[in-house]
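Only one structure is covered here, and it is reproduced in the block below.
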Amino acid sequence: MSVKVRDSLSGGLVEVGGDGRVGIYVCGPTVYNHIHIGNVRGHLFWDVAVRFLRSRGYRVKFVWNITDIDDKIINRANEEGVSWKEIVRRYTDSFHERLRLLGIGMPDVEPRATEHIPEMISLIEELIRRGHAYPAPNGDVYYAVETFPRYGALSKQRPEEMKITEKGQTGHKRNPLDFTLWKASKPGEPSWESPWGPGRPGWHIECSAMVEKHLPGGADIHGGGSDIRFPHHENELAQSCGAHPDRPFVRAWAHHGMVRMAAQKMAKSVGNVVDAREATLKHGRDAIRMWLLQSHYSQPIDYSDEILEEKRRSCERLLRLYREISRSEASSPLSDRLAGELRERFDAAMREDFNTPEAIAALFDAASGAGREISSRPSAAGEFASLKEALQELLGLLGFDVAGERVSEVDGVRIRHAGEAPGEVLERVARRERARRRREWPEADRLREELLREGWAIEDTAAGPVLSRR
């Protein structure tokens, strides 16, 4: 069976991986700040998509980039009085830490823009040779959009309707819509030598060069947020197809919807962001996965504490049903039927544009089927081995925590708990245990009651506290 992706350019479903191989390129972060929970959406979704493809035998090469030179990075460095390289190091580490908290795997290749300056210069030279780009007297180089007749096809805009996105002087441009391929250096800014003088690359040329370097046959899927469909992806398309008109660039463009807060796009420029680390520690990894995966990746999604709490309860319900049958060693005909239907529905959903909401619905339906049987006949709990195996495999594929008892150590306190527990909950359990050791009983009781109100029970044992869901 094939895997199909809804292509933003054509609007149709495009089959990928016909030869058993899939190359995926996703635009990564510009590392000048901590990533927020809206930034996480694309990385978490593509982590799941790649897991699914590999589970079905596809050989996947997965690439996302790090934009490590940009005006925002330079401005942040100047504000803090440190080098731009220190800003890049700090926020790349921060990005990786937040991915680990969410259980998001790393790509096969994570190229950095500054490691590909020669490839960018070669690409710009080819665009100039073909008449798609021109150097300006001040050392800048611009792409001439009027030389590319398909400009606007990806974003479904006519050039005369487009908003000019580049700030600053346009006196050297032939057309206000022309965009920068190479920026002449300014005093004190990082720069690299080029045929047009010292400078640095524009944002859009970076991804074109890195796709060409790491996926030389073109990307089967190019992912990114719907907010960069224009101008970034539109400009990538113009650059790569302008330089290599006879070479495939992207077979399917896949854009994920924006995360909204109070009906407004979550963005640093708006000031309504929630740090991905803060959200993960507060709500837990599984709740965030359930929240993001129960909506189709292409649709916008709303964030609030209330929504995340609802998703946490939903996830806990599913995992509780799984744990009810987790000790099964025999398989009844009902178990085999539910397992077979689950695998079939899950596979069909994921092969049709990675439909995670339908895949999760299949998980709930199968688990609920087992739950109804156990409610009417408790002894049936040991007869669902085949369904247990299917649930374990598919929940794990989506990145949910299906482990049994865990032990977390927080500030010297060992805490046992079933499955995942949010970091801030574990911190309060540790505070309570330290209060008990100091015989500060009112504080220990206060923390216990606070956690009880939030649905967490604590059992005090000689080996330390045991945390569980009520």
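Please read every residue number as a count from 1 along the shown chain.
Cβ atoms are placed via backbone N, Cα and C, with glycine included.
Taken verbatim from Swiss-Prot:
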{"type": "BINDING", "residues": "Cys27, Cys207, His232, Glu236", "note": "Zn(2+) binding site"}
{"type": "BINDING", "residues": "Lys268", "note": "ATP binding site"}
{"type": "MOTIF", "residues": "29-39", "note": "motif ''HIGH' region'"}
{"type": "MOTIF", "residues": "265-269", "note": "motif ''KMSKS' region'"}
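Where Swiss-Prot records a feature, it is marked here on the structure.
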residue : record              : Cβ within 10 Å
Cys27   : Zn(2+) binding site : 21
Cys207  : Zn(2+) binding site : 28
His232  : Zn(2+) binding site : 19
Glu236  : Zn(2+) binding site : 27
Lys268  : ATP binding site    : 15
Cα distance (Å, whole number) from Cys207 (Zn(2+) binding site) to Lys268 (ATP binding site): 22
Positions whose Cβ lies under 8 angstroms from the motif ''HIGH' region' (29-39), at least six residues beyond its ends: 66-68, 70, 72-73, 75-76, 87-88, 91-92, 94-95, 98, 258-259, 265-268, 273-277, 279, 288, 303
Environment of Cys27, Cys207, His232, Glu236, the listed Zn(2+) site - residues of the same chain whose CB lies within 8 A of the CB centroid: Trp203, His204, Glu206, Ser208, His222, Gly224, Ile228, His233, Asn235
Helix, strand or coil at Cys27 (Zn(2+) binding site) [DSSP, three-state]: coil
Helix-strand-coil residue split for the motif ''KMSKS' region' (265-269), DSSP-based: 0 helix, 1 strand, 4 coil
